[in-house]
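To start, the structure under review is shown below, and the notes come after it.
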C-alpha cells in the first residue's frame, strides 16, 4: 500500500510539478549545472522588420556583401593596373593585335581567368615577368571569390542549425521558410543553368557570325573558354570579337563557377534537411538520461523531462502524452507509472 502511494505521488508530481513540496529550500543552496546532452544556450534570432521572419542567407551575387565589394574593388584594380602596364608594353607583346587598349584588357582577362589562348603572348623579359606576376594575382583573386563562396555555404549551414534550434518557438513559420528556401535554391539553380545555356548559345552564334568559324569549331571554342581550358587553336581575333570576349569570358566563367556552387548548395541543403529532421525527431535514450544524472545517484529530476518535452516542440496535449509514454517505456517498464499511460 505504501509502495502504491509512493508511485501515485510520483505520478502526480510528474504531471503537475507545482504540487511537489519544495524540500530544503531554505537550508540548502540550489546548484545549477548544465546537462551534457542539452544545448549550451538557447538561440534567439532577431526579428526582421518586426514581422518575426527568420533571416535567410542571400544569394552570393544577389546582394553585395562587404566581402564581395572587396572582390569588385580588387577586380577593378587588377584590370586597371594590368591594362595600363600592358598598354605601355604593347610593343613587347606578339600575336594577333587589333587595338592597343582593347588588346591589353583582353590579355588581362584571358590571363586572370587562366584561359590562355596563346594568341597574345609576352615577348620580352619585362612582359614575361609582368605576366608571371599578373597570373598569380589573378589566381589569388579567383581564390578570394571561391573563399567567399565557401563562407556563403558555411553561413547557410549555421543559419539552418539556428533555425532548427528555434523551431519550438515558431513551428509553422519555420516549415514555411524551409519550403521557400529549398524552392529558392532550386529556382536559382535552374535560372543559372538557363543563363549558362544562353551564354553558350550566344558565344557560339557570335563566333560563327563574326569570327567566321563553323558551328563545331565555335562550340569547341566556347567550351574550351568557359571551362578555362584554352587550347589556343581557336580564339577571338577581330576587334569586335575581343570587345565581346572581354565581357563574355568574365560572365561565362563566373556563371560556370556559380553553377557548380548552386549544384553543391542544392545537395548540401538536402543533407541539412535530413540532419535537422533527425535531430528534432530523435527520441530520448538511456544515454541521455545517464548524462542528465548530475549527482550520480541514479535519479533524474523532473526538470529534464519537461525540458525535453519543450525542446521536442511537444506543445499539444497529444504530443506531451506521446513523449511521456515513451519515457515510461524507457524507464519504468513494469510500474504503475507505465500502466497509467499505456
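Think of each number as a place in line: the chain as shown, counted from 1.
Note: Cβ is positioned from N, Cα and C throughout, glycine not excepted.
Note on TrEMBL: of 221-242, 243-264, 265-286, the range annotated with the feature transmembrane segment is 243-264. In TrEMBL, the region 'Disordered' annotation falls on 1-33 of the listed ranges 1-33, 34-66. Annotated by TrEMBL as transmembrane segment, the relevant range among 189-207, 303-321, 322-340 is 189-207. When the domain 'Potassium channel' (74-154) is classified with DSSP, helix, strand and coil residues number 61 helix, 6 strand, 14 coil.
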